[in-house]
Amino acid sequence: MLKPYLVVEWNDTETDAKGWLVVHNFVNGYTGGGTRMHPTVTKEEVIRLAEAMAYKYVACESETTGGCKAGIAYDYKAPNALAVLRRFLIAIMPYIDLGVSIGSDLGTNYEDILTIFHEFGIDIPMTKSMKQDQKVLQGIKQYDELLTTKMDGLLLNDVVTGYGSAFTADEAWKFKQEQEGAKVVIQGFGSVGASCALKMSQLGYKVVGISDANLLVTCEEGLDVQKLIAHKNEYGEMDQTYFESHYTVRSNTKWLEVDCDILIPSALEDVINKSNADIVKAKLIVEAANIPISSEGDEMIKERGIDIVNDFVTNVGAIRFYESVIFGLIDPKPQAVIDDIEQLCRKNTYHLLSESKKQKKYQREVAYEVFRPAISGLLEYAEPSKEETSY
Ligand SMILES: NC(=O)c1ccc[n+]([C@@H]2O[C@H](COP(=O)([O-])OP(=O)(O)OC[C@H]3O[C@@H](n4cnc5c(N)ncnc54)[C@H](O)[C@@H]3O)[C@@H](O)[C@H]2O)c1
């Protein structure tokens, strides 16, 4: 693993929260990634996530952005979680103002982050040259407008990654030439998990199990995803009172025991590991979450011959949405955003799986070769002014 370019550590003054900003690389002085908040976040995890972002921008065909990530070790449900997020963002604001584009991730939401940026006169973080580029400024305006639009009753920004992950799963399943109407289990029912479940059911798959932070719900005939979404809370938790009487509710730790063909982890890191990789029943794992399989778990999955499509190939939706609109690659309309993501996810998945078949190599190893970031640039900085050089 390459060393990260920049690691900034933060200690909150008011609570025991700790946070990190990690920049893996810059491209043209610019880098992008989300902000995660969860009690289990560590510096090492943020470093791994930042690296995955760098690969993800390559998979996203970006020529403008490197990969970074921010993480805060704190309870995202605590009453003061937003105040903690605000203090963290203030601490790293100088980097944000120079081209470190931080968005949302597990445990945070984008509107909160943008509201805090606005307080400090920042819209979307930009480099100096982006701030002077009329096309980029126009793209940002269009992106801001699209953020408030909806698709299938959900905010566009909350479906782009989940829908992309579902298109990836569909492409991979078809590549394997398996039967239609396959059974799917999804861990997580937040932005990614819920929209992925919805698109999978729209594509004709049977979503037989979904877990959230509190429970696992299963139904062999398939869950009514639309209804579960209608009653989930802001933390991506399902409301049991709306479950059908034939649904079964169990502990969320049992999610790998559910009989299924496709497994889509869409929540936390390292959830498939050496303690449970031997009980995975699926023939295909599609990593909608970032780094959901630990390195030991990955060895076991590889040995067992289970196919995977790894995180930076699967979950490019949100960053492709950002890149395609801000840098003017597509017509800025909601359906065009989704069509573009579908096309990219299907293309990358097909390429990954056919290369893996051809080279007789595990998909993750092929992905690290095919989407390797080649650029490691610097922060863009202003030339010193005459006044600055005259003393
Ligand atoms: N939001 C995006 O656009 C995006 C983009 C790329 C990657 N990702 C990755 O996808 C994953 C999910 O992100 P998100 O934005 O949907 O987060 P979110 O905060 O919206 O939702 C998280 C979900 O995980 C569930 N969860 C928490 N602990 C759990 C447990 N022990 N078992 C089962 N479920 C549990 C929560 O209840 C919630 O449903 C993360 O790994 C994130 O890095 C997100």
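Any Cβ shown, glycine's included, is placed from N, Cα and C.
What TrEMBL says about a protein is an automatic prediction, not a curated fact.
For reference, TrEMBL has these:
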BINDING   K56  substrate binding site
ACT_SITE  K69  active site, proton donor
SITE      D105  site 'Important for catalysis'
BINDING   T161  NAD(+) binding site
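Among the recorded positions K56, D105, T161, the residues whose Cβ sits under 6 Å from any atom of ligand 1 are D105, T161. In this view, T161 (NAD(+) binding site) is surrounded by 26 other Cβ atoms within 10 Å of its Cβ, with every protein chain counted. In sequence order, G33, G34, T35, R36, K69, N290 make up the list of same-chain residues 6 or more apart from D105 (site 'Important for catalysis') whose Cβ falls under 8 Å from its Cβ.
DSSP assigns the residue listed as 'substrate binding site' to a helix in the three-state reduction.
When secondary structure is read from DSSP and collapsed to three states, D105 (site 'Important for catalysis') falls in the coil class.
Taking the Cβ of K69 (active site, proton donor) as centre and 10 Å as the limit, one finds 29 other Cβ atoms among all the protein chains shown. In this structure, K69 (active site, proton donor) is part of a beta strand by DSSP. Between the CA atoms of K56 (substrate binding site) and T161 (NAD(+) binding site) there is a gap of 12 Å.
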